[in-house]
Amino acid sequence: MEFRLKKRPRLEVKAEVVSLESKYPQNVMMYHYPPTDDVHIEEFEELALERLRLLRVLDRASTRNLRLLSDEWKEYVNAELTREGLRSYLRLCSAGGGTKHEADMQARRRDYISHFILRLAYCRSEDLIRWFVAREMELFRYKFAALSSTEVKQFLEANKFEVQPLTEAQKDEVKDGLYESTVGQSVAKIELLDFYKVPFTQVMDLVRSRRCYLKAGFAYVNTHDLVSIVGTRQQDEIERGLLAAKGLVEEVEGDERISRMLKALHNSYTGKDYTVCRDAAVPIESLDQLSKTSMPLCMRMCHEHLRAQHHIKHGGRMQYGLFLKGIGVTLEDSLRFWREEFTKKMDADKFARSYEYNIYHNYGKKGSMVNYTPYSCAKIIKEMATPGDCHGCPYRYMDPGSLKTKLSSYGLSASAIEEVMFFVSRGHYQIGCGKYFQITHNATAEPTINHPNSYFEESQITMGNRQKRTTGSAAPKARARPDIKGCGDRSMLMGDDDDELWRIAETQERAMQSQKAISEAFDDDLDLTQIDY
């Protein structure tokens, strides 16, 4: 009997992957030179918003006072990256740099290019620069911490760091000093660590905190603390790059396609689109109860102001009206809701002449026919309420005494109010809103609040009136919803079995619209090589 050895098929490596590996050899890059890739305007914006979402995750971890790179910090950041759909960045931050899969190469490319794009947006003021540098350095430290000892050595060699790795004999000569200066590690673990000899002036922060051994003008630094050296150079590199980018702002703003996006990037909303509610239709008869149970403070106060005054100024009508549209109030019900309330102080003809058009306009049925999006937290926080109006973020515009009184009237205890005020007093209005949610819903953890409609949606899920969306190929059938039923637009397909059809139709429509816009306005690609850093 003969046995033939079957050769294992060879995996062909695409030329593109080889090219990407040569350009982006590791997960951790020093961002020395601008990328030479041609980037289409559509990808340009996609990469910018993707990285902004990443940096905002790190910012939220910072405002929660989680110690950088602690287990709690990593757990929170990893969960948020997963929730935001940023799995490629999660791989960069946790998988080291030893893999050569195409997905990893593409992730490195997106990381590198998006960093340079955001330089153009964040070089415009000292506040933006400080925020950007702080977040980028947190990202750098997270990625560097995931490198193996071999990858650290490769990184040091590739970037020409003047550090001398100690041989075993050299380590043995200074082992007593290494044991005493290496905090939080057992002797057995210290013997497994790699150490480097560097001029002590390069690691003054380690010297001040006594986290390295000093001898004859040199510091002996282990692999974990080496980030102090490379991080200093990385920060210098980023700050110099931002200065260079600032000199290019005028040139970049000559292209209106990207100028508008870069200027507004920092305050851009990057979460879920609430333009149209496909989950449920909210009957206006339930709004009084929902305002108490499921609306954030900004919308609850708008609702109460409207019920008490039977009128609300334009800013409040826009903020609250678009919110109602987003949670599932239909156009017909919206017209009835506003008409019934306003006609308690005016006749029906005046309401029709002065206010109906604006409601149709917000639903995209008149005027420019644009289906307007409900306001995000970032936009609402920027709004300042004028006397007699109620729009804007109460956590920002109300004085501490009035805010405490309002929270107390809503049933919060003194200790609960202090928990909310702790964040509000430090300017963390959205975290304060999340704390309010946690207290009023008896939730185990505070949610991340970026949008009033996400607050409402999370509240309904917590109370069992809605089912959380899954990301599978087909949505599961929802259980009975006692308070909220049906769909936002009664002319649309009804029922949960049509969700997949809706996704397919929307995807095709977006693709067609995107292709049309590209062919009409953006025939040429944006060549990053033309931006001379």
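Just so it is clear, glycine is given a Cβ too, placed from its N, Cα and C backbone atoms.
Heads up, TrEMBL stuff is auto-annotated, nobody curated it.
According to DSSP, Cys393 ([4Fe-4S] cluster binding site) is assigned to coil rather than to any helix or strand. Around Cys393 ([4Fe-4S] cluster binding site), a 10 Å sphere centred on its CB holds 26 further CB atoms from the protein chains shown. Among the features that TrEMBL reports, [4Fe-4S] cluster binding site is placed at Cys298, Cys377, Cys393, Cys433.
The feature domain 'DNA primase large subunit C-terminal' is assigned by TrEMBL to 288-456.
Each of the binding-site residues Cys298, Cys377, Cys433 was scored by how many other Cβ atoms lie within 10 Å of its Cβ, and the smallest score goes to Cys377. Residues Cys298, Cys377, Cys393, Cys433 make up the record's [4Fe-4S] cluster site, and a Cβ search at 8 Å around their centroid adds Pro296, Leu297, Ile380, Ile381, Pro394, Tyr395, Arg396, Tyr429, Gln430, Ile449, Pro452 from the same chain.
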